[in-house]
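Record features (TrEMBL):
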DOMAIN    B:1-116  domain 'Thiamine pyrophosphate enzyme N-terminal TPP-binding'
DOMAIN    B:185-319  domain 'Thiamine pyrophosphate enzyme central'
DOMAIN    B:381-529  domain 'Thiamine pyrophosphate enzyme TPP-binding'
REGION    B:542-565  region 'Disordered'
Amino acid sequence: MSQPREASKPSYTLNCRMAHEAAALERLCQVVRIRGFRISRMNMESAGGHLDIALTLEGSRPISMLQSQLEKLHTVASVDLELGDRVQSCSA
Amino acid sequence: MNGAQHILEAFHRHNISTVFGYPGGCIMPLYDALVDDVGVEHVLCRHEQACALAADGYARASGKLGVCIATSGPGATNLITGVANAHRDSIPMLVITGQVPSGLIGTDAFQETDVLGMALGIVKHSYLIDNADELPAILEEAMELAEGGRPGPVWIDIPKDILLTEVAQAATPTEQKPARAQTDITDALAMLRSAKKPLLYSGGGVSLAHAETAFREFAEASGMPGVVTLKGIGNAGKHNPNDLGMLGMHGSRAANKAVDECDLLFVVGARLDDRATGKLDGFAPNARMIHIDADAAEINKLRPADTALRGDLNSILEAFTKALKDAPLKIGDWQTLCKTWCTTGGFHTADNEEALAPITGPAFIRQMSRITPDDTIIACDVGQHQMWVAQHYHFDHPRHHLTSGGLGTMGFGMPAAIGAQFADRSSTVINVTGDGSFMMNAQELATIRRYNLPVKLIVLDNQCLGMVRQQQELFYNNRESQINLDDNPDFVAMARAFDIPALHIERTDQIRRGIETLLAYDGPMLLHVSISREENVWPIVKPGGSNKDMIDEPRRTNANKEQVA
């Protein structure tokens, strides 16, 4: 018997820059999970002392709530939300 | 100087004189360094969880950084609850653990656990040191982080070999950055002035920001009726005529009524926790909101603010105070209405004057509030007694009320009282606990005895897990499940086994004498108080329900409906 399909949740792309330290990705992913979002795609590049991480996320909660929590992480330098062709930028 | 010695040197530099810990294999180099160090007092608790909770109590009572130390593996995992407790209540804490030597990490070595991974969700930040030369800078950064902005625990996991390695780099204390604040209060002030029924809603953020004085001056200048969260108890002081007490699940009917009726919520250092707000949809339905907090992530998190001010509470509140002193608010009618509600819907239940009547929790706490000195520090555990203290004890300062707010950690009280007594050797420190909570960290009686701490222990014993029993009675058709503790040990004999004198009372006419005996004794003492099993905490909001749907004590329901209509 097929399960009823969940209504699709809004999707967002966040671009994060953070220090390249132990457990950097785990720290980021832990916050994403506990704040109610699911990672549907992730791309990471290492350059110099930092990581650039592009996260495509799905979740029904306001993305601003996640953004402000990620900005609180000590090793996160910036979190930018892609809004179509615009970018809403915030530096921690 | 090796890594271990460098840690102690950093403690000295930051005036850290008391730490709480428990030794073991991988942290032994630090304990070896402690042998030669007379400037740091190491308090040996009997369980690592108690080390973390004692450091937490120390930090809450003093406003300083709490420090706890443990070894790898089980030492670190035992710290977890205490660190999570500090995290949820934003307590500044430095956690130091030993880790297996660098080369053994990831080999399932003896007493190895992935501390960095385990602790991610319960710390403000954490480090695993992989280069001894980075230790000095990381220590500095960790201490600054723990205390700066919205405080919290910072955990440094240090492999044993790093503790033994000579550290080349000299420490350079980081310069404390002054907290930023948005001090343009124009919009918020206009909103406040336009309100007819403004309500001051304050939480634990006031004392975390060391803004107690600024808050009181503001509360006085504004004259706003005020409600407090569990962690905000004491913010307004004992004698503020506009204080309506605690709101929320076990708040006063008056406080919840005021929230329901107000047209403006002026929120200071509070995060709109669900235990305080109840169902958000029904919370302050007619009010606009001004939200002032040190943490930007708290603003608009659960309820959008109409105006928000982020930053140092001191400077923001001072700006409001100045403006309000020049032109006070005109809210006399609203103040009068709230005072009426407070008279009829506050925490005022009549004491049973019958000498032989069994003791009730509220009656005991009210008597205690009348007898104890103003600077008494009360460390609670979690459960019914915790709510009775919050409701019926009149605190003059938020640092006098140590309570596990966010995590609700049974077993918090005794270690927190130990920490508080080390923070303030001259004040009376009382751990008010229940029979369930007492047994969660009862081994700390040995710590109290070892250091001869004059901590007073009051066990309100109803021979069950009272808060769970109460909710089973009210919300689960009275189907009691696993709450019976009528096989408790003899608490008086237990205390005496630790060489702590103890006495037992069970009748109303014994309350005063019992408390006075406790206070008069020059040393630790336990008072075992038998209370009724059936006593509930009233009023109560059903979990997930709206605050305006408070359930009152059945025999008082009709009277209250008439009085607070």
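Residue positions begin at 1 at the first shown residue.
Note: Cβ is positioned from N, Cα and C throughout, glycine not excepted.
Shown for the domain 'Thiamine pyrophosphate enzyme N-terminal TPP-binding' (B:1-116): DSSP residue counts in helix, strand and coil, namely 57 helix, 21 strand, 38 coil.
Mapped onto DSSP helix, strand and coil, the domain 'Thiamine pyrophosphate enzyme central' (B:185-319) counts 53 helix, 29 strand, 53 coil. Per-residue confidence over the domain 'Thiamine pyrophosphate enzyme N-terminal TPP-binding' (B:1-116) averages 97 (mean pLDDT, predicted model). Each residue in the domain 'Thiamine pyrophosphate enzyme TPP-binding' (B:381-529) gets a DSSP state, and the totals come to 66 helix, 26 strand, 57 coil.
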